[in-house]
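> First, the structure itself, so that you have it in front of you.
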Amino acid sequence: MTRPTNDTLLRALLREPTDYTPLWLMRQAGRYLPEYRASRATAGSFMDLCRNADFATEVTLQPLERFPLDAAILFSDILTVPDAMGLGLSFAEGEGPRFARPLRDEAAIRALEVAPMEKLDYVFNAVAAIRKALGNRVPLIGFSGSPFTLACYMIEGRGSDDFRHIKGLMYSRPDLLHHILDVNARTVTEYLNQQIEHGAQAVMVFDTWGGILSGPAYREFSLEYMRRIVAGVKREHNGERVPVVLFTKGGGQWLTDMADTGCDSLGLDWTVDPAQARALVGSRVALQGNMDPISLMGSAEGVAAETRRVLEAFGPAPGHVFNLGHGISQHTPPENVAVLVDVVHRHSRALRT
Ligand code: CP3
């Protein structure tokens, strides 16, 4: 009904032919942009940007004003969800996220409930405000963390090197971990459906930590809950298909299992060989990725060469969305992003003729 004027991203996610390879960048609105740092200083903090629809809109649009990107992504965070469950999120300057009340005992775990969606209204208001400000330029991507990745932060209470608390629970009381994951999956399904209702035109599930698991544990504790989300998310809204993207960092060896969930597209980190990924999943899903974000730290010539290499590795067949293999570093020179965007657009057109 309301396809954006530039619908290249949506077409590529659905494996329809496109004139060129569309691109967006994970964390495209962020600290590598001086205008983002200025907005954050005005707002006060990162969460103040997320909680105010005007600020969230402003920073979502910043990368699009600089570069002709093919999508916007909601400015928010995956940790809004456990915060809405009452765990008490804070971001200490330069230290990453912290939860005041991590899940460390059976009583707290048993008391966990699906987050009341009203507590996430600020996210849905941001989605609606961004859609309005975007006009019909490019599609808006909504997102959530995976149930397992959210559980990592909920149980560890912060980032971790060894994930000993969540793995301890997984090996000693798998029933309790399954309870958390079940609550998370039901919350994430509702959360993504509300984002879609408010205007998100594609959704992505970030499974940043699924790759720390063994194969059987990945299938049981991460993939199964993403499968439930794929099954429960509204795949059509206002007569338009809403593509679902799954991304497990470090999940390259499980791509066929991931495609079996019925999702539309898989995100690849930079360690995955695109031709091998395509051979594994066939034409079932689109692929999104996968340039090493740190390659953007080099010279302009180096960035151009690496961008061409990644495009050629995916080949000209339909169903590729260019992206980085993980979030862009705050140390990235914005000029190199301009080179990347230009080379993706021009070289992918050239490869098609
Ligand atoms: O991609 C985008 O531009 C949209 C916004 C977005 C953010 N976080 C903004 C953000 C998205 C999609 C996320 C997802 C997210 N958040 C993930 C999954 C993706 C991934 O990176 O693996 C995870 C694990 C988080 C949790 C999180 N948020 C951490 C660990 C941190 C601190 C580390 C860091 O990079 O500072 C954040 C903070 C955060 N989320 C920032 C931004 C722009 C930086 C905040 C700031 O200091 O301004």
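Residue numbers in this text run from 1 along the chain shown.
Backbone N, Cα and C atoms are what each Cβ position is placed from, and that goes for glycine too.
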> Given that TrEMBL annotates R27, Q28, A29, G30, R31, D77, Y153, H326 as substrate-binding, name the residue from T187, T189, T208 that shares the site.
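Given R27, Q28, A29, G30, R31, D77, Y153, H326 bind substrate in TrEMBL, the matching entry from T187, T189, T208 is T208.
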> What parts of the chain pack near the domain 'Uroporphyrinogen decarboxylase (URO-D)' (22-31), using Cβ distances under 8 Å and only residues at least 6 beyond its ends?
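8-9, 11-12, 37, 40, 59-60, 62-63, 69-73, 75, 141, 293, 321-324, 326-328, 330, 337, 340-341, 344-345.
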> Quick check: in three-state DSSP terms, what is R31 (substrate binding site)?
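In three-state terms, R31 (substrate binding site) counts as coil.
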> If you draw a 10 Å sphere on the Cβ of A29 (substrate binding site), how many other Cβ atoms land inside?
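A count of 24.
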> Can you tell me the three-state DSSP label for Y153 (substrate binding site)?
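For Y153 (substrate binding site) - judged by DSSP and reduced to three states - the answer is helix.
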> Can you tell me the CA-to-CA distance separating A29 (substrate binding site) and D77 (site 'Transition state stabilizer'), as a whole number of Å?
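It is 12 Å, counting Cα to Cα.
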